[in-house]
Amino acid sequence: MARYGMALDYKNCIDCKACESACKEENGVLLGADKHRIWVGTKEVEGEFPFLSISSSGFVPSQCQHCEAAPCQEVCPTNATYYDENGVVRVDADKCILCTYCMNACPYDARYVDDRTMTVDKCNFCSDTRLARGETTTACQNTCPTKVRTFGDLDDPYSEISELLRRRDHYSLKAHLGTKPKLFYLT
Amino acid sequence: MSIKEFVASIPVNKVGFKDIFGYEKTPRNLILTVLTFGLLAMFAAGVGLYLLHGHHAYNVTREHPWGLLLAAYIFFVVSSTGLCIIGSLGDVFGFKDYELISKRAIFGSIVTILSGFAVILFEIGHPVTMVIYNVLTPGLTSAIWWMGTLYGLYLTFMIIEFVFLLKGDAKFAKYFGLVGLIIGLAAHSNLGAVFGFLNARPISNGVYFPMYFILTAFITGVFIAYLFMGFRYKLKFPERVKKMLTNLGKIQIFLLSFLAFFMTWKMLTDLYGGMPNRADVAHHILGSWTFWAEVILVIVIPLLVLLKDMGRSHVAMFYASFSGMAGIAFMRYNLIHDTQVKPLQMLKVYEYQLPPTWIHYSPSAAEWMISLGGIGLCITLYYLGTKFFNLDADEGHAEQKA
Ligand code: SF4
Ligand code: SF4
């Protein structure tokens, strides 16, 4: 089985939000500012006017980090949040009781409540849609015009993502928390 | 003895509709009745709103998913654990002076936890699913799982203990009481751990809350003991009760001082070194009026009253206990709010055009109604208990009659 992850060449991001739209469309995420599986963060320009550092501003796409030691999974009382065979962190809506403990425990603010099922939802690497159809991309990767995102199997040494991570320096967010994210930001 | 015979042998007063409403119609009692019915109506209305609108009846958001209902739940179960501790002093640990409140406190612990469950029932999105999957796929690393499961068990033991107390079987009451107390403390510290385990929230993370919860439960128990005794004896305490209250007052002086000490060190460690996500939140807490309401109502006022003559002003302490309980309500609210007040942000510097700020939350009408309604449930169940059961210690009861 695969161990899916994603590398983000975030400096290429132009904040077009195509990935957000594609994700909503692909996975039927409801509209609304509070309901999103992925988002593009905006880094503030640093410095005091007029000494602004233009290069400090930037766009940083983010989403569920598919942690290998996921706090959301650890705190879930009914095991509604689980790792699937591809290492993707998933939510089983039938088991979720909406205690929202996972929303508080996730250090990445990656979870939201789906109003239709009234259960917690988040990015699942298109496991229910694309991957289930046998495709090997995610909607966000597929749509990104500047190829910020590379999705793939971290265990496969020949995959594009493994290649990228070998070649390029990268970091993960809030690494000090020991959650072992599988989203990698290429520097 | 068959189960049927056993149940039949539990002493229960024969109470009719008339007896329930046949209390002295003093102005105070009438006000209390109207208030209680008002609270019960609120509960019903709140639940109605919830049934109509689901979770949308609440003001909780993605960033602040825990709201007033959770605080209310914690308030009730803390009261329950506290009463369990007070009840155990007499019938588990055998401190004679406290025996006269044991039965009442244990009954109180049952009533308060039932009210807590009634409130949380409407907070959890899918309570039925919870019951099923708590058993089928238990999340053993989840503090919520342990807290919920242990509280369920605790309630069972409290009920059995209470039955044995009613039957005057001190031995079995003691055994069940001891196990119930241990499970209750485990459950309650797990409730603290629900916050303590949040690695993502440095302000709550750590061992502090599991211990603090036990300490504040004991404090809450003492406050409620004063309220119970005050209402029971209409503020004219017999000698034995006075003696017990004085002792409880002295214990409370110790507990409150310890709490002040605890909180001081918690605050200092939070502030020290200016650690991000912790020191800034601590500053924010120190600047919030709800924090100072908590400190003044729980610690300052009761401690001043107690220290005046080392716990001998029982009537004053009865009133100070109202202050204490109001403060405890603030304490629970502060706990849930302060945990979530700092946005995790995750690079969403402008979350869809909103500039970054502290996260705001104010409870909705439905949340207020269900939470306050829980108090109505408590009062009602407790009142019914005083009618159906003899909650006085048997000796004390005889003394009272004589
Ligand atoms: S990013 Fe959050 S939701 Fe995703 S796996 Fe990690 S803790 Fe869970
Ligand atoms: S809200 Fe659902 S997925 Fe999250 S911890 Fe609770 S039961 Fe698990």
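Cβ coordinates come from backbone N, Cα and C, glycine included.
Because TrEMBL annotations are produced automatically, they should be read as predictions rather than curated entries.
In TrEMBL this protein carries:
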type: TRANSMEM; residues: B:30-52; note: transmembrane segment
type: TRANSMEM; residues: B:72-93; note: transmembrane segment
type: TRANSMEM; residues: B:105-124; note: transmembrane segment
type: TRANSMEM; residues: B:144-166; note: transmembrane segment
type: TRANSMEM; residues: B:178-198; note: transmembrane segment
type: TRANSMEM; residues: B:210-231; note: transmembrane segment
type: TRANSMEM; residues: B:251-269; note: transmembrane segment
type: TRANSMEM; residues: B:289-307; note: transmembrane segment
type: TRANSMEM; residues: B:316-336; note: transmembrane segment
type: TRANSMEM; residues: B:365-384; note: transmembrane segment
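In this chain, the transmembrane segment (B:105-124) lies in contact with the transmembrane segment (B:365-384); the count of Cβ pairs under 8 Å, excluding pairs fewer than 6 apart in sequence, is at least 3.
Beyond its flanks by at least six residues, the transmembrane segment (B:316-336) meets 66-68, 70-72, 74-75, 78-79, 195, 204, 209, 216, 219-220, 223-224, 226-227, 229-230, 235, 245, 249, 285, 288, 290-291, 293-299, 301-302, 305-306, 308 of its own chain at Cβ-Cβ distances under 8 Å. A Cβ distance under 8 Å defines the sequence-distant neighbours of the transmembrane segment (B:178-198), meaning residues of its chain 6+ beyond its ends; these are 74, 77-78, 80-81, 84-85, 88, 92, 109, 143-144, 146-147, 150-151, 153-154, 157-158, 160-161, 204-214, 217, 335, 339. Within the same chain, the transmembrane segment (B:144-166) packs against the transmembrane segment (B:72-93): three or more Cβ pairs sit under 8 Å, each pair at least 6 residues apart.
Highest Cβ contact count with the transmembrane segment (B:30-52) among the listed stretches B:72-93, B:105-124, B:210-231 falls to B:105-124 (criterion: pairs under 8 Å).
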